[in-house]
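Copied over from Swiss-Prot:
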DOMAIN    16-273  domain 'Protein kinase'
BINDING   Thr96, Glu97, Leu98, Phe99, Lys146  ATP binding site
ACT_SITE  Asp163  active site, proton acceptor
MOD_RES   Ser477  phosphoserine
COILED    480-523  coiled coil
Amino acid sequence: MEEADFVQKDPTGRYIRYNDVLGRGAFKTVYKAFDEVEGIEVAWNLMSIEDVLQMPGQLDRLYSEVHLLNSLKHDNIIKLFYSWVDDHNKSINMITELFTSGSLTLYRKKHRKVDPKAIMNWARQILKGLHYLHSQTPPVIHRDLKCDNIFVNGNTGKVKIGDLGLAAVMQQPTARSVIGTPEFMAPELYEEEYNELVDIYSFGMCMLEMVTCEYPYRECRNQAQIYKKVTSGIKPQSLSKVDDPQVKQFIEKCLLPAPSRPTALELLKDQLLAVDGAKDSTLTASSNTTFKPAMPPQCEYRPMDVEYKKNTSVSICSSAKSSQECALLQTMEVQRVAESTEFKLSGERRDDVAASMALRIAGSSGQARKVDFDFNLKTDTARAVTGEMVEELDLSSHEVTVIAEMIDELIMKLKANRSLPNANSVYQSKDEEAGESMKSEISADYYHRVSSNEGSRLGCCCEAVESLLSSFLDSCSMVSNKQSEDLKTELNVIESQYNQSCQRLLRMKEEAIEKAKRKWMKLS
């Protein structure tokens, strides 16, 4: 390929990009590129700023990945050579190592007959990378380790950990955000209280996939079923397909409960990974170090902290970002209380058709049920998705109704927030005032569906109605119980009719948009 074929140069003139696409992600396209100084091929990761901003949380994850890759240097961690923002083309660019053999998942599917020694070699390299991450001060947790995020050079057998966009720097003793890929997530991740040993659990699932060529929990139909099995300690069916008892025991060791789970260093010393009885010189320097996190008296905020507050959504934010930028990316949320049970549903829109949601149900006993799931905005319905959770979460018919209504409400909020990106900042203060002004019994009952930090509803008309109701309810604190009950009934009817009207309006809006798109597509 001649240099004349290149389509773009970086600001320094060192790297040139070709039009050869190596891969595509949700918001990232990877091209083949060339380093003219070193004379080597590299990967050019190109992300549209507009696409990134439209996907809540992705900007923070991208910042996290760039920040970490700049500071981490290890043979088994993917190298970042250069990164910059292109204001002219409205893009974010990263130059990284090139792995033409792709991910370990694809490589293993392509080469199904592999000697166990090769798999043990890959395992050693992954553990060395994890040992390096976990031995940082403070430790770095990958949180999304899977074979899809591990890359291989087929010519040398070198394996490297990549995709650190969800990694967390542990400034506090335990992290608290539920994030990752369900099939590879440790049980304690769902409890929102975990440390770097969650990566060891994920590594065990990677080992299982490498040995069996099968994705863990393939027998499950949805994420709710995976959640129930993981939190109940039920292992994937594919574990029974591991014939070698020593390999099976090694994998089971990785999947032990967190207090009994070994560290990366301890696994590297396992007899299964021994290289002809030789001692690995790369581990000698830190062989006497343990990495069980201690409990510091206080946590201080730093640029890469995992931000946590009770009853709020959690995200990784750069302290350099303005509050307005973070507000545009924050997760939408719906809360309800019914029959002494608290329901909390949060979600973010990943693209035009997909949304990711997290449901938490807390009973009066203090025990909580949690599940993460995806929602297709074009094909899924709230009732169908909730129906899939009945068996896994042991839901009552009343709970099914409440959750389905919450999903519908969250979808409307996500769609409205997509259409009106600044609505959150305009109306949040009004929501807070409304939440604080609930004095009467009627007000408390009516507003059980509104959270003070929910964000906007469906635009100006919704806020006007809620504002009027809030003012009216404040003036009704002295009415009789009979009048209160009658008024509550009437308000519930009004709310039901109002919500139905809002849903119809949203459907009409979507139909009009689609009609306009089709018209312009025909013209073009």
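FYI, residue positions are counted from 1 along the chain as it appears here.
Including glycine, each Cβ sits where the backbone N, Cα and C put it.
Residue density at Lys146 (ATP binding site): 23 other Cβ atoms are found within 10 A of its Cβ, drawing on all protein chains shown. Packing around Asp163 (active site, proton acceptor) is summarised by its Cβ count: 20 other Cβ atoms lie within 10 angstroms of its Cβ, all protein chains included.
Least crowded of the binding-site residues (Thr96, Glu97, Phe99), judged by neighbouring Cβ atoms within 10 Å of its own Cβ: Glu97. The CA atom of Glu97 (ATP binding site) is located 12 Å away from the CA atom of Asp163 (active site, proton acceptor). For the coiled coil (480-523), the predicted model reports an average pLDDT of 67.
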